[in-house]
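The structure under discussion appears below in the form of structure tokens.
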Amino acid sequence: RICYLAPRDTQICAPGQEICYLKSWDDGTGSIRGNRLEFGCAATCPTVKRGIHIKCCSTDKCNPHPKLA
């Protein structure tokens, strides 16, 4: 699997990691910086705490930055 790890950077995921994810959350700075984002690979869709949104998908490069998609 190939997933984004940053807005424009991709990486081949480790064996067994077939899920790409994009987490987003408000870090309290409001509109100054917008939501914080975390990109990555995983074996299963990560469990997140309340207030954190996550998108999981299972095709190559399916977790792009929302503004670059």
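Just so you know, glycine gets a Cβ as well, placed from its N, Cα and C.
Copied from Swiss-Prot, the annotated features are:
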- CYS3-CYS20: disulfide bond (DISULFID)
- CYS13-CYS41: disulfide bond (DISULFID)
- CYS45-CYS56: disulfide bond (DISULFID)
- CYS57-CYS62: disulfide bond (DISULFID)
Long-range neighbours only, meaning 6 or more apart in sequence with Cβ under 8 Å: which ones does CYS13 (disulfide bond) have?
ARG1, ILE2, CYS3, CYS20, CYS41
Under DSSP, is CYS20 (disulfide bond) helix, strand or coil?
strand
